[in-house]
Amino acid sequence: MTSTPNADPVAGSAAASAGTGPTGPADGIDPRGPRFGAAITGVLLLVVLAAALLGANVVATLLLTAIALVFAWGVFAGIRRHPYGRLYAALVRPRLAPPTELEDPRPPTFAQGIGFVITAVGAVLGLVALATGAPALGGLSLVVPIAAALAFVAAFLNSVFGVCLGCLLYLQLARRRRPAAPSA
C-alpha cells in the first residue's frame, strides 16, 4: 500500500528522494507494487462481499481467512516477499519504465498489518460462527462482510487513488514518536 512521501517519516528528511537515506535505491520498493497488490486484494474482497451477501458464508469466511493469511505473509515475511509483490515484479514491472522514486517499505508493511488485523478478526469470528452452527448469534453473520467492506475501502483507495490509509497512519504515529526539537 503506497502513497507515502519518500522521506524518512521519523527524521522528516527528503533523503529518500535523493537516494541517500533509508529509502534509497538499495532499500526502497517500487511504489506501484503495493498498489498492484491492493487491486488484487480489492477484487478478492469484492468476491467475499458478494459471497456473504448471497448467503455463501462458508466461501466468504474461507476466502477472508486466505486474504488474512496473505496479509500476514506481507507483515511477517516482509513486503518484499509478499506474493502479490512477486507477481508484480515478474509480470508487470518488466513492462514498465523504472519508478521515478522508491518508497520506504515500513509504511506499506504497517498497512499490511492493519489489513491483517481487520481481516483476521473477521475471519476468526466468521469461523467461530460457522463452527458453532449459529451464525446469527450476536451478529456474527455480519462480521465477515463488515471486515471485508472495511478492508475493501482501504484497498480501493490505495489501488485507484494511491491513498494508503495504513501508510498515512504509520506516518502520523512516527511523527508523534519523534522527540520535539529543542526551542531556541
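Heads up, the Cβ atoms here are built off N, Cα and C, so glycines get one too.
The following features are taken from TrEMBL:
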COMPBIAS  7-28  compositional bias 'Low complexity'
DOMAIN    29-175  domain 'DUF4395'
REGION    1-30  region 'Disordered'
TRANSMEM  36-54  transmembrane segment
TRANSMEM  60-79  transmembrane segment
TRANSMEM  114-134  transmembrane segment
TRANSMEM  146-171  transmembrane segment
Check your understanding: When the pLDDT values for the domain 'DUF4395' (29-175) are averaged, what is the result?
Key -> 94
Check your understanding: Using DSSP, how many residues of the domain 'DUF4395' (29-175) fall into helix, strand and coil, respectively?
Key -> 121 helix, 2 strand, 24 coil
